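Some features that TrEMBL has for this protein:
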type     : residues      : note
BINDING  : 122, 123, 152 : UDP-alpha-D-glucose binding site
BINDING  : 278, 302      : Mn(2+) binding site
TRANSMEM : 34-53         : transmembrane segment
TRANSMEM : 65-85         : transmembrane segment
TRANSMEM : 534-565       : transmembrane segment
TRANSMEM : 662-682       : transmembrane segment
TRANSMEM : 694-716       : transmembrane segment
């Protein structure tokens with residue numbers, strides 16, 4: 001597998017030559033779409049009535065101006081985001097694949113796997129190596145597969161662990177292939193997740209399995225011991241590219257024992273040069289892989305998201321090789337599914353609303369958002385527009401891609417403009433050029449990060465790059481298979497969940513207020529419905545402002561006897577009640593129809609309120625501070641090391657607010673304010689206030705209090721101390 005021609009040659013012509021039986025099926029969820037459209041009309045009428053009541057009362061000046069103005073602004077924000085949400089519900093689809101119609105293994109295109117890690121203390125090395133081993137074990141021809149690990153920490157332990165993983169892989173990969181093991185992540189296989197695969201096997205299998213388990217424990221022990229000694233991140237370093245396993249070693253080896261190319265990349269980092277975070281790492285991998293394997297497709301994985309179903313690559317090829325869609329298809333997105341989600345998912349770690357509802361809705365209107373991991377991307381999509389992928393190669397390619405004749409040649413091979421002779425991957429010239437491609441200065445005065453590769457505009461590199469691909473006319477598909485193709489590790493405490501949400505909120509709000517806003521830049525380049533979906537992701541975090549107002553104004557008015565809602569006996573009250581009940585019923589329907597339960601619905605209600613007035617609020621404030629120059633863009637790495645005590649508390653369904661003091665300040669104040677106002681408001685009702693006028697505010701305050709029970713439980717012990 002020595003050259004770019006080996007992987008690129010098929011990718012050039014496969015989509016043009018293939019014809020015959022279908023490779024995939026797409027089914028519109030008609031009952032769901034029809035029901036949602038009927039609900040849209042019904043809910044829109046109720047909202048219109050509500051807003052008419054609010055605005056007419058304000059115009060006539062017959063109500064307290066300040067409180068009514070604030071509550072009207074809040075309801076208009078809710079309405080704006082609700083309108084954007086309807087795009088997801090317009091045309092939801094479900095896709096399936098027909099793998100048996102794929103061409104033979106020797107006719108499949110090459111796939112490069114990109115795995116990024118940055119800090120061995122927050123991203124445990126053994127976990128990263130399990131992801132690497134699962135990728136190396138994919139059910140795909142070894143000579144068509146290459147795995148690249150980007151180490152942005154430059155830690156010695158990561159390089160050592162990768163070499164140890166390669167050695168263990170010599171035993172692990174043949175074992176998986178021989179017995180057709182599906183769980184090809186060693187840690188998962190030797191846990192309870194792999195129990196089903198150990199049934200009804202022979203004594204020979206049990207003996208081999210015991211031997212493999214012994215080797216894995218030895219490998220794991222060595223890596224963990226090394227991590228205790230050397231797990232520090234090197235802040236500044238020179239580029240380091242090392243081939244850990246060269247496929248030339250596969251010569252004369254039987255197919256079941258062949259291993260893919262394995263490469264370690266640690267790009268250069270200097271204090272005077274911009275580092276570009278994960279986007280910079282991915283662009284470096286694009287260049288380094290270009291002169292080594294040059295596969296036309298790439299699988300991008302987070303370091304804690306291992307390959308659970310080894311057939312994921314072939315499933316993705318059922319779309320990439322479909323002649324009806326391949327010319328405009330940029331990536332195939334899989335859902336992020338987590339193995340450590342408890343039955344009572346109190347933090348909504350599974351993100352059911354996104355992966356089981358919104359992504360299917362976007363898939364029906366030219367493609368879903370790129371989530372940053374678990375997607376198979378066509379490399380050429382990052383280098384131009386559909387049917388014009390080579391536009392930057394036609395004129396002065398060095399000014400666009402950088403001064404590397406070897407890399408330019410690989411791009412020409414990828415686009416069918418040049419045939420490259422076989423060359424040794426381990427040659428000194430190739431490795432030296434790879435280091436040059438991973439240097440800080442290589443991208444200077446080029447279009448990398450601007451018009452080529454992953455965008456450097458915002459920290460949410462994959463999501464924003466996927467958005468730009470859709471703006472250029474590329475499409476994507478979303479595949480939610482019955483068996484999860486990828487499994488990861490979700491956050492198990494409040495602090496990490498809120499830090500992660502704040503990072504997303506900050507990045508997405510920045511896009512919403514930039515020149516790339518989906519409602520201006522996007523709507524002129526893609527369909528209205530698709531731009532509405534992207535607009536939802538960019539502006540949904542303004543729920544925090546609406547929730548903040550709704551968490552303060554009605555409660556204070558309830559305390560002082562100022563009515564904000566119609567009398568419960570008034571016909572206009574029906575509009576408010578209908579909007580509330582209708583939205584709750586829609587949410588409940590989506591939860592139940594996607595396999596959730598009443599408990600799931602309640603947990604999502606609760607965590608949505610908590611995240612809105614904490615992480616989303618801080619995310620919006622972060623954008624404001626960056627805009628006025630108080631703060632700078634920074635990359636916050638999510639902690640993926642699992643604390644056993646936190647895990648046990650999470651599995652019991654108990655909220656863990658430890659370490660989340662910053663987030664808890666506004667949340668605690670709002671809950672205490674709501675409690676005090678509710679008690680004071682009820683006393684006012686007892687002393688003779690009009691119950692009909694104050695019923696709406698009292699019911700709202702009670703509803704928020706019930707949602708806030710976990711926060712109150714967390715506050716009571718502290719107040720006691």
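Numbering starts at 1 and runs along the chain as displayed.
Cβ coordinates come from backbone N, Cα and C, glycine included.
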If you count Cβ atoms within 10 Å of each one, which of the binding-site residues 122, 278 comes out on top?
278
Contact set, same chain, for the transmembrane segment (65-85): CB under 8 Å, 6 or more residues outside the stretch:
43, 47, 50-51, 54-55, 57-58, 532-533, 535-536, 539-540, 542-543, 545-546, 549-550, 553-554, 556-557, 562, 564, 583
Taking the residues 122, 123, 152 listed for UDP-alpha-D-glucose, what is the greatest CA to CA distance in Å, to the nearest whole number?
13
Including all protein chains displayed, how many Cβ atoms other than that of residue 123 (UDP-alpha-D-glucose binding site) lie within 10 Å of its Cβ?
23
Region pair the transmembrane segment (662-682) / the transmembrane segment (694-716), three or more CB pairs under 8 Å:
yes
